Amino acid sequence: MPEEGLADAFGVTEEARAKINLALHVTGQRLDGYHLLDMLVTFAEHGDRLGFLPAQADAFTLSGRFGGALAEDGGTNLVLRARDLLRETVGALAFPVHIHLQKNLPIASGIGGGSADAAATLRGLMRLWGTRLPEDALAMLALKLGADVPMCMESRPLIARGIGEKIEPVPDLPAFAMVLANPLKGVSTPEVFRRLATKDNPALSLAPRVPNTADWLAAIDAARNDLEPPARELVAEISAISAMLQASGALLTRMSGSGATCFGIFATMTAAEDAAAALHDARPDWYFQATETVSGGM
Ligand code: C5P
């Protein structure tokens, strides 16, 4: 369904922006097995889109480049889990709803597609059902759906600590011109965490104020994604895709989340769009998407 089509057909629409881990440091592990992380996170203009409409009975439809892949992956649909969990919480207000998901983001790809969809579902259904939860209750409900869902509720630049639930906005993070690149090989997040050699790496350390984009790039460059080495062991293409981004003029490249998506930051959106087009010509079977990220002062 084209963008305008979604807005015309569904009264309430929500963006589920791709989540980009500019840095991800693994600093420890909780007794329940979850890892303690320090993350610098931003969000892309590009993402999935969702529409919500009152209906006689609950319905769920899919479109978009990766809609087919999600349909085959029934057990992991976070949109339906988010709908059911919110309904349990708000009770009689929660009339039946038709939810449409335009799945533009590859699944199991380290850019939080499922988490962003779950967060967008919570936001969209609260609007449709005319209800708001207290901030604490909403944050707990989001965390129940996944460690990345609370930050996707925000969808603006932030630092997340704990397992992802301790969130601080980063208002001075600028927008970046970016290319997202994925070899369309899904990665199992638990498997990447299991392969980590060390779990108590140095924390993320950022100056209290970073004055401009060049300094931000230097600060991000000095940070890491600790999940990149184990993910590269699982998916050999990550090394190739990162080298391709670098060769096409990226100022900085890194893997996001548990992979396999890598991002390249470019000097301008024109440079990013040209690089994405050339990379697509070289590997039409992979995913390359130029996108601007949101700025902290949005
Ligand atoms: O919370 P979510 O469902 O996104 O996490 C998927 C899996 O990734 C968890 O079951 C856990 O194995 C691993 N994980 C972790 N530490 C985190 C987040 C996720 O070990 N902070």
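Cβ coordinates are placed from backbone N, Cα and C, and glycine is handled just like the others.
Annotated in TrEMBL:
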| type | residues | note |
| --- | --- | --- |
| ACT_SITE | Lys19 | active site |
| DOMAIN | 77-153 | domain 'GHMP kinase N-terminal' |
| BINDING | Pro106, Ile107, Ala108, Ser109, Gly110, Ile111, Gly112, Gly113, Gly114, Ser115, Ala116 | ATP binding site |
| ACT_SITE | Asp148 | active site |
| DOMAIN | 221-281 | domain 'GHMP kinase C-terminal' |
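Summarised as a single figure, the pLDDT of the domain 'GHMP kinase N-terminal' (77-153) averages 95. For the pair Gly110 (ATP binding site) and Lys19 (active site), the Cα-Cα distance reads 8 Å. Fewest other C-beta atoms within 10 Å: among the recorded positions Ala108, Gly112, Ala116, Asp148, that description fits Ala108. Summarised by DSSP class, the composition of the domain 'GHMP kinase C-terminal' (221-281) is 33 helix, 10 strand, 18 coil. Here the candidates are the recorded positions Ala108, Gly112, Gly114, Ala116, Asp148, and by Cα distance the one nearest Lys19 (active site) turns out to be Gly112. Asp148 (active site) and Ala108 (ATP binding site) are 13 Å apart (CA-CA, integer value). A straight line from the CA of Ala116 (ATP binding site) to the CA of Asp148 (active site) spans 8 Å. Assigned with DSSP, the residues of the domain 'GHMP kinase N-terminal' (77-153) fall into helix, strand and coil as follows: 48 helix, 6 strand, 23 coil. Annotated pair Gly112 (ATP binding site) and Asp148 (active site), C-alpha to C-alpha distance, rounded: 7 Å. Residue pair Gly114 (ATP binding site) / Asp148 (active site) shows a Cα separation of 9 Å. Look at the binding-site residues Pro106, Gly110, Gly114 and count other Cβ atoms within 10 Å of each Cβ; Pro106 has the fewest. Sequence-ordered, the extra residues of this chain that approach the ATP site, with Cβ no more than 8 Å from the Cβ center of Pro106, Ile107, Ala108, Ser109, Gly110, Ile111, Gly112, Gly113, Gly114, Ser115, Ala116, are Ala18, Lys19, Leu105, Gly257, Thr261. Between the CA atoms of Pro106 (ATP binding site) and Asp148 (active site) there is a gap of 16 Å. DSSP assigns Lys19 (active site) to a strand segment in the three-state reduction.
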